There are 2 protein chains.
Amino acid sequence: MRADAQRNRERILDAAEEVFAHHGASASTEEVARLAGVAIGTVFRHFPTKDDLLAAILKRLLARLAEDAATLGGADGLHVFFRRLVEQAAAKRTVVDLAGVSVPAALSQLGEAVGELLGQAQAAGTVRGDVRRPEVMALLVSLCQGALQGGWDAKLQERTLAVVFAGLAA
Amino acid sequence: MRADAQRNRERILDAAEEVFAHHGASASTEEVARLAGVAIGTVFRHFPTKDDLLAAILKRLLARLAEDAATLGGADGLHVFFRRLVEQAAAKRTVVDLAGVSVPAALSQLGEAVGELLGQAQAAGTVRGDVRRPEVMALLVSLCQGALQGGWDAKLQERTLAVVFAGLAA
DNA sequence: TTGGAAAATGAGTCTCGACTCATTATCGTA
DNA sequence: TACGATAATGAGTCGAGACTCATTTTCCAA
């Protein structure tokens, strides 16, 4: 791949992340091109359809999250991760808005990272032993959705998470 | 209002509820008109913009939910209501998909009904006393969002709700 | 019954956004 | 450097869907 192509690809991904974070997945490809400083045709050369573009940034984002999760650990790693994700969701629509686009590989990667955190929390006795990964993921997704849509303030977020954490606790 | 106008208004609302439930808020007004058996112009005579139509069915739906909540009560009324709502969310996109449209009056009506259920559950000792209405609403909205998007099966729904109920419990 | 107001009709307009492609520019190799 | 391959450009096509309005139909009060 030629150097300019490589450079533009990165620019487009960065721009797309920014644009979709602010205006949701319904933002136009044209807007992405403008922010990236390339012509619209260039965007479509790299990502033949809008869905391809969405899938690409979603994959990147999920990978980043999984990586983030992997650096955490210990008794309250899971709790920290929950809080961090919910906070981000309120600010950035991206992850949340993209129900339609699927990137199975990236998602399962995140799932494993969360499973790891759950295991550690259970080992430390911070979380009940009979809780399993699927419901933890379900709660995570739900809370992100809710935070985005509801426009929670810090207080409400804390109180809501407190209820969920209590439910997870031993 | 003339009799035919009244009749058509009802038909349109019913059709809209059906259509938006299945295909989400992005379904076309034309589709609604077709199902209602009226011309597209008739829909716009009754609801000048698509948002007006969405707001109208959302208002209806929230009122129905509030009414539903009002018939419940006792120690586990809140729990029953949670479960019922989450189940519906998985089947019908309508309530959930409509983040953008706001119908403050209808929403606060639902809020009060939930508050009432919460009060009763707390009086019965089924729910901790320090839980307040806003976080209960936040959890309700979040779980509906999550259920819709995640396509939960019955098992997962039950396990997820179990965690939340444990968090609410005394 | 009938006249006119209210309502319905649906073909047509308009906007917006995804996507194309002939042309032009840029890169990297020989 | 020169040149062919690769990439970028952006005006233009296309389809979809919200909304309009001149015309026709329906209701109902007198």
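Heads up, the Cβ atoms here are built off N, Cα and C, so glycines get one too.
In the predicted model, residues of the domain 'HTH tetR-type' (B:6-65) average a pLDDT of 96. What TrEMBL records for B:6-65 is domain 'HTH tetR-type'.
Look at TrEMBL and you will find B:28-47 tagged as DNA-binding region. Away from its own ends, the DNA-binding region (B:28-47) comes close to residues 5, 8-9, 11-12, 14-16, 18-20, 53, 56 of its chain (Cβ-Cβ under 8 Å, at least six residues beyond either end).
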